[in-house]
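Undergrad: My questions all concern the structure below.
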Amino acid sequence: MRAVLDTADIAIVALYFILVMCIGFFAMWKSNRSTVSGYFLAGRSMTWVAIGASLFVSNIGSEHFIGLAGSGAASGFAVGAWEFNALLLLQLLGWVFIPIYIRSGVYTMPEYLSKRFGGHRIQVYFAALSLILYIFTKLSVDLYSGALFIQESLGWNLYVSVILLIGMTALLTVTGGLVAVIYTDTLQALLMIIGALTLMIISIMEIGGFEEVKRRYMLASPDVTSILLTYNLSNTNSCNVSPKKEALKMLRNPTDEDVPWPGFILGQTPASVWYWCADQVIVQRVLAAKNIAHAKGSTLMAGFLKLLPMFIIVVPGMISRILFTDDIACINPEHCMLVCGSRAGCSNIAYPRLVMKLVPVGLRGLMMAVMIAALMSDLDSIFNSASTIFTLDVYKLIRKSASSRELMIVGRIFVAFMVVISIAWVPIIVEMQGGQMYLYIQEVADYLTPPVAALFLLAIFWKRCNEQGAFYGGMAGFVLGAVRLILAFAYRAPECDQPDNRPGFIKDIHYMYVATGLFWVTGLITVIVSLLTPPPTKEQIRTTTFWSKKNLVVKENCSPKEEPYKMQEKSILRCSENNETINHIIPNGKSEDSIKGLQPEDVNLLVTCREEGNPVASLGHSEAETPVDAYSNGQAALMGEKERKKETDDGGRYWKFIDWFCGFKSKSLSKRSLRDLMEEEAVCLQMLEETRQVKVILNIGLFAVCSLGIFMFVYFSL
């Protein structure tokens, strides 16, 4: 009989929803969502604790609870390799990539590629690829896994549940922006860890300890005779009934079908660089840090937290197979269909089955809230990051003169568009059931992301890499990967009791080896074409490579108080007013010619500094909130003051409420003095500065977390 929610369970779930919505509305009150950086980068005001929790929970979504536990049930420890690998790659993000992103002054990863190489070809290519991956892999898999848990554990209507969750998540993201996302992620991280640890302790106590888990897992084979008699199956064949011989090893022999160690090190690891160091969902959170110390601290915290999934998700999945062997390890497609509604296998129900059978009343509601937290955290991450990429890397190319207000509106409309696509994808997701969902995700990503990882690594570590090399190398890798992906879908793996008649290059070459080839072929083509074509300009590599860390060039000499402006890449327009020289700092993306024709009242974000004397006390047309708001890196450089005033005068209470609710206007957008603006610029300059004491502490943490990661790999692979 299917378990149902008790009154206590319902109360806990309801309390969770109330807390989440309260946090979202709190973010609406406290944050400045009416600017590009305020909405998309949380005003660069987040601490390492909040960002570290957000990094963890954004990655550990519902597909991890379903997919990781399912792969643990099907193949043992192997899937834990991705978690320990992430632990190490997070530090690569914090110590190498993030300083470059901050120094480059970018919001999105496509924007970085555009700034590093010039032009828009690579920017558009990467933006389109990211949106495809978000919508058709991350989003679809998250919805399926979350819906599977709800359906398996609670018996709720699948479509109503999914639509409700999507709607709440979209409302939270649209109203609060990244501040709301990070605040709620902090709550959800705590909730996830408590709930998952509780289930882990209960399940291990049920088995009798960790060593007993390993012993009994290797004996967890279904009773074929009993199953045939119980279900009266017409198909008496059985397959994949016994645990794999290397189930208790993580990195396995080179021909293993799950994790061959050469493929994982040479192919999967470089491919994972895209997710952890160049994926908007992850990087956008770290870019919201107050400074580089908080950014590094957040990756250290997330790295330590990545030790947990192996024990709180993978091991419970293995325990589920031990306790419910005949269901989790179904013997053939007909049996699997009767047990879980999927002919490919039933390992994906391992975690929800464990929850419903072992967790007592009350705690079951907590676990339900954990799964909702996982689903919503992933969805809000995708909604926010995808809308950022679309708004700043696609829409901005179409509407180059778009105001900051227009960008905010477009970002929110795109979230609504993604909601519609998500709901339309639900029927397709229900049919897209695989035996090991998590490995399915990795396979799709490994066909598309290795070329991107190669481009980012070459862009950062090799100054000679230019736009032509990156474009042709990236496109070659993309075409090869797309062809392999199409072939993989065209020649699907047969059911386990059927012969495999696929071509040898499909069935015998592991996807990690394909990823290896894509990564190195892309890199080779990029290097060759770059060497045969002109090198990049000095401006393109001035702040965008690893070797230009300290190279902040000052274009004009101003007074010491004005130095904070120099870290931004700006052109200087010199003009004369009443025999007094004035420097206007022109935001990126604007030429002098485009500025000269503007009237003072039409200019909103030109920052003025005088060469002699103190700055003026106030500047009537400056409304910048933070250093990032002032420049917006070319994204919101100019906004029409006249249009804003007209809208304010004509709008009634209703429109004022709508503006506040959606973050189009903010009570904090008062006129700012130039002195305040310069102080904020000083803070921006200090983002890359670290004291010696902080450096020592962070480096000790780096050594500790990397040592732990390597130890885990060795311990679980020998």
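Heads up, the Cβ atoms here are built off N, Cα and C, so glycines get one too.
Features from Swiss-Prot:
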- ASN232: N-linked glycosylation site (CARBOHYD)
- SER594: phosphoserine (MOD_RES)
- SER632: phosphoserine (MOD_RES)
- GLY24: site 'Implicated in sodium coupling' (SITE)
- ARG285: site 'Implicated in sodium coupling' (SITE)
- 1-9: topological domain 'Extracellular' (TOPO_DOM)
- 30-38: topological domain 'Cytoplasmic' (TOPO_DOM)
- 58-86: topological domain 'Extracellular' (TOPO_DOM)
- 111-123: topological domain 'Cytoplasmic' (TOPO_DOM)
- 145-157: topological domain 'Extracellular' (TOPO_DOM)
- 206-303: topological domain 'Extracellular' (TOPO_DOM)
- 325-353: topological domain 'Cytoplasmic' (TOPO_DOM)
- 377-406: topological domain 'Extracellular' (TOPO_DOM)
- 431-443: topological domain 'Cytoplasmic' (TOPO_DOM)
- 463-510: topological domain 'Extracellular' (TOPO_DOM)
- 533-695: topological domain 'Cytoplasmic' (TOPO_DOM)
- 10-29: transmembrane segment (TRANSMEM)
- 39-57: transmembrane segment (TRANSMEM)
- 87-110: transmembrane segment (TRANSMEM)
- 124-144: transmembrane segment (TRANSMEM)
- 158-183: transmembrane segment (TRANSMEM)
- 187-205: transmembrane segment (TRANSMEM)
- 304-324: transmembrane segment (TRANSMEM)
- 354-376: transmembrane segment (TRANSMEM)
- 407-430: transmembrane segment (TRANSMEM)
- 444-462: transmembrane segment (TRANSMEM)
- 511-532: transmembrane segment (TRANSMEM)
- 696-716: transmembrane segment (TRANSMEM)
Undergrad: Would you report the average pLDDT that the model assigns to the topological domain 'Extracellular' (463-510)?
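TA: The predicted confidence over the topological domain 'Extracellular' (463-510), as a mean pLDDT, is 89.
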Undergrad: Where the residue listed as 'N-linked glycosylation site' and ARG285 (site 'Implicated in sodium coupling') are concerned, what is their Cα separation in Å, rounded?
TA: 53
Undergrad: Is the transmembrane segment (187-205) close to the transmembrane segment (354-376), in the sense of at least 3 CB pairs under 8 angstroms with a sequence gap of 6 or more?
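TA: Stretch pair touches.
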Undergrad: How does the topological domain 'Extracellular' (58-86) divide up by DSSP, counting helix, then strand, then coil residues?
TA: 27 helix, 0 strand, 2 coil
Undergrad: Grab the same-chain neighbours of the transmembrane segment (304-324) for me: Cβ-Cβ under 8 Å, and only residues 6 or more beyond its ends, written as numbers and ranges.
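TA: Apart from its flanks, the transmembrane segment (304-324) reaches 52-53, 56, 59-60, 64-65, 68-74, 76-77, 79-80, 83-84, 86-87, 90, 189, 193, 196-197, 199-200, 203-204, 206-207, 210, 213, 216-217, 220, 243, 347, 350-351, 353-354, 357-358, 705, 708, 712, 716.
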Undergrad: Going through 124-144, 187-205, 696-716 one by one, which has the most CB pairs that fall under 8 Å from the transmembrane segment (444-462)?
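TA: Ranking 124-144, 187-205, 696-716 by Cβ pairs under 8 Å to the transmembrane segment (444-462) puts 124-144 first.
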Undergrad: Grab the same-chain neighbours of the transmembrane segment (696-716) for me: Cβ-Cβ under 8 Å, and only residues 6 or more beyond its ends, written as numbers and ranges.
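TA: Beyond its ends, the transmembrane segment (696-716) has Cβ neighbours at 77, 80-81, 84-85, 87-88, 91, 95, 249-251, 293, 296-297, 300, 303-304, 307, 310, 690.
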Undergrad: Which residues, given as numbers and ranges, are at least 6 beyond the ends of the transmembrane segment (187-205) yet have a Cβ under 8 Å from it?
TA: 16, 19-20, 23, 53-54, 56-57, 60, 65, 213, 305, 308, 311-313, 315-316, 319-320, 323, 354-355, 358-359, 363, 366-367, 369-370, 373-374, 376-377
Undergrad: Mind tallying the topological domain 'Cytoplasmic' (111-123) by DSSP state, helix then strand then coil?
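TA: Across the topological domain 'Cytoplasmic' (111-123), the residues distribute as 10 helix, 0 strand, 3 coil.
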Undergrad: Any idea what DSSP makes of ASN232 (N-linked glycosylation site), helix, strand or coil?
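TA: The three-state answer is coil.
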Undergrad: Any residues 6+ beyond the ends of the topological domain 'Extracellular' (58-86) with a Cβ under 8 Å from its own?
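TA: Beyond its ends, the topological domain 'Extracellular' (58-86) has Cβ neighbours at 141-142, 145-146, 148-149, 185, 192, 196, 217, 243-244, 246-252, 256, 258-259, 264, 268-269, 272, 276, 281-282, 285, 302-303, 306-307, 309-310, 313-318, 320-321, 328-329, 345, 347-352, 354, 370-371, 374-375, 377-378, 381, 435-439, 441-442, 709, 712-713, 716.
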